[in-house]
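As recorded in Swiss-Prot:
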DOMAIN    64-202  domain 'Flavodoxin-like'
BINDING   70-75, 117-120, 153-162  FMN binding site
DOMAIN    234-448  domain 'FAD-binding FR-type'
BINDING   Thr322, Ala356, 386-389, 404-406, Tyr410, 419-422, Tyr599  FAD binding site
BINDING   Ser519, Arg520, Lys525, Ile526, Tyr527, Val528, Gln529, Asp561  NADP(+) binding site
Amino acid sequence: MTTQVPPSALLPLNPEQLARLQAATTDLTPTQLAWVSGYFWGVLNQQPAALAATPAPAAEMPGITIISASQTGNARRVAEALRDDLLAAKLNVKLVNAGDYKFKQIASEKLLIVVTSTQGEGEPPEEAVALHKFLFSKKAPKLENTAFAVFSLGDSSYEFFCQSGKDFDSKLAELGGERLLDRVDADVEYQAAASEWRARVVDALKSRAPVAAPSQSVATGAVNEIHTSPYSKDAPLAASLSVNQKITGRNSEKDVRHIEIDLGDSGLRYQPGDALGVWYQNDPALVKELVELLWLKGDEPVTVEGKTLPLNEALQWHFELTVNTANIVENYATLTRSETLLPLVGDKAKLQHYAATTPIVDMVRFSPAQLDAEALINLLRPLTPRLYSIASSQAEVENEVHVTVGVVRYDVEGRARAGGASSFLADRVEEEGEVRVFIEHNDNFRLPTNPETPVIMIGPGTGIAPFRAFMQQRAADEAPGKNWLFFGNPHFTEDFLYQVEWQRYVKEGVLTRIDLAWSRDQKEKIYVQDKLREQGAELWRWINDGAHIYVCGDANRMAKDVEQALLEVIAEFGGMDTEAADEFLSELRVERRYQRDVY
C-alpha cells in the first residue's frame, strides 16, 4: 500500500521519525492501518497535555466539545461540518463520537454541542445509548457551568420525531445547563436547517470561546477519521449488479435476495460491520400510475434543486413515493379539501395510522383530486438512499460487496405494492445493470481487535447479514476465538438463509455453536430470545470468558426482546438483581462488548 507523503514543511515529524513510521507500517493491511490509526487516537486522547506544543492555561482554553450521535451517518456529517466551520473561525474545538465520549467528564464541559439522530421508537442512536442512560440516571452531575446547543435529526413519518434530541435538550437544561440556542428539529431534508443552525452556532460561540492559535485549533480539532474515499452519499460509485439470487424457498412468505455488486477497480473499501448505501429509482409503472391519477401528463416541467426536469423524471429519480407520512396526508387533505381525509387533520394518531397503511398512490386513488405538477412536487419528500448491512468481507470477496435484501411486498385492495429500494434491486436492475452505491462506515459494530476473543452473534431474519461478513473475516484471519450464532426465521425448510455456508463453517470448526429458532414449525412460537434463555448457563460462561455480543435486526421488537433476555440471563446466572444486571449490560456496552446494528 503506498501513500503520498505531504511536503516535509507540513509534517510535524522530522525525516528520521518519518522514515521509522513508514518502515513500521509498510506491510500493514488497510484494516491494520485503520486499527493503528484508532490506537494512536486513543493514546492522544489519554494525553491531553500533548495536544498543543505550548498549551495555554486552562482558564484561557475552555474549548468547545461537539458530541456526534449518529445512526445512519447524517448526524455525523452535520457534526463534522460544524467542526470545520468552528476551526475556520479559529475556535478551539474537539469532535467526538458519542460512543467514545467519556461521559463522566461532562461536568467539566463549558461549551457543549450535541448533534443527534433518533432510531426505533424514540431511542437514541446505538453509539449514544450509554451517554443517554447516564444523563438520565442518578449519577448525572449538575451542569451549572455548561452552555449547550442541540441539533436533532429525525423523520416526521415516525411517531417519536426527533425524540432523542428532545431528550438530550431537556435533560441538559434540567441538570442546570444554559441553552446557547433553542433546539432545532430537522426532518429528512435537513441540509438547509443544518446550514442555518451551524452559522448561528458559530456566531454564538465566537463571543464565548477564545480564538485559538492555529496549532491549538488544529490539534484539538482532530477527530478519528480513518476512512477516505472519493465516493460518498453525495458522490456515489456507479457499480454493477452481478448476482441477484432468491435465498428463501418457493413456499416462503418472505422474498429474501442475496445481492452481489461488483465494485470494479474503484478501490472502494469497507469492513465487516459497515453498511452499503444504495441510491434507487422509483418504479416507472408507479410513477405513471400516480401521474395519471392526478390527471397529469408527465412531461410538465418542474424545478428540482435549481434544475428544470420533466415531471416523470423528477418523480422517478428525486422523490420518495413508497413511504407516506402524516405530514403528506395532512397537506394533501388541506390542498384537496378531501372529505375523506379532512376529518383526520389535527388527530396525530389517526394521521400516522393512515400514512402507515396507505401508500401515497393509494391515498390519491381513494381521495382523487387534480394537482398541478409543482404542487405535487412540493407535497413530496426527497428520495433518500437505503442502507443495508454488508454481508461480506473483502478478505474473501475482494472487489465485491454483498447484501441481504428482504423485499417488501404487500397488497392494497388487490393491487401489488413494493418497497422502493428492495424492489429496485430485486426486480428492476438487470444483471450488470448500474447501481449507485457508497459505504456508510460503522465503527460501533466491529469485530474484536483480539482474534482470540469469543463472539456471540444474534441475528434473526436479514439480521444475519453482518454475521456472514464476520465469519468470512474470522475464517480469513484464522482467528482462534470461538463463534456462536443465534438465528431465527419462520420455517427451517423455507427460511434458513445461507444454510449451506453455516453448515460448512460448523464442519470446519469456524462456527463453534449455532442455535436456531423456527417460529412457525411447531405450535408454540420459538424466537431467538427463547434460545438465549434456554442456553443461559453457557451464555453466561462465554460472557465471563470475555465474549463480545452482537445483535442485528429489527429495533422495535426483536432487539428489545433480546436485550430483556440477556438481562434475565445476567441476573439469574450472575446472581444479580435487576438494577445490577442493567448496570452490568451497560458496562458491556461502554466496553464495546455489547454492540447492536438495529433498524
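Glycine is treated like the rest: Cβ placed from N, Cα and C.
Taking the Cα atom of each, Tyr599 (FAD binding site) and Val528 (NADP(+) binding site) are about 17 angstrom apart.
In this entry, NADP(+) is bound by Ser519, Arg520, Lys525, Ile526, Tyr527, Val528, Gln529, Asp561, whose most widely separated C-alpha atoms sit 18 angstrom apart. Of all the Cβ atoms in the protein chains shown, 24 others lie within 10 Å of the Cβ of Ala421 (FAD binding site). DSSP gives Tyr527 (NADP(+) binding site) a coil state; it is part of no helix or strand. Between the alpha carbons (Cα) of Asp561 (NADP(+) binding site) and Gly73 (FMN binding site) lies a span of roughly 26 Å. Around Asp561 (NADP(+) binding site), taking its Cβ as the centre, 16 other Cβ atoms fall within 10 Å, counting all chains. In the three-state DSSP scheme, Tyr388 (FAD binding site) is classed as strand. Shown are the binding-site residues Ser117, Thr322, Ser519, Gln529; the one with the most C-beta atoms within 10 angstroms of its own C-beta is Ser117. Annotation note: Phe161 (FMN binding site) sits in a coil segment as assigned by DSSP.
For Ser519 (NADP(+) binding site), the nearest neighbour among the binding-site residues Ser70, Gly73, Arg386, Gly406, Ala421, judged by Cα separation, is Gly406. DSSP states for the domain 'Flavodoxin-like' (64-202), grouped as helix (H, G, I), strand (E, B) and coil, give 58 helix, 32 strand, 49 coil.
Checking each of the binding-site residues Phe161, Ile526, Tyr527, Val528, Gln529 against Thr322 (FAD binding site) by C-alpha distance, the shortest gap belongs to Phe161. If you measure from the Cα atom of Asp155 (FMN binding site) to that of Thr404 (FAD binding site), you get 24 Å. Taking the C-alpha atom of Ala421 (FAD binding site) as reference, the shortest distance to any of the binding-site residues Ser70, Gly120, Lys525, Val528 belongs to Gly120. For the binding-site residues Tyr158, Phe161, Tyr388, Tyr527, Tyr599, the greatest number of Cβ atoms within 10 Å around a candidate Cβ is found at Tyr388. In the structure as shown, the Cβ atom of Thr404 (FAD binding site) sits within 10 Å of 24 other Cβ atoms.
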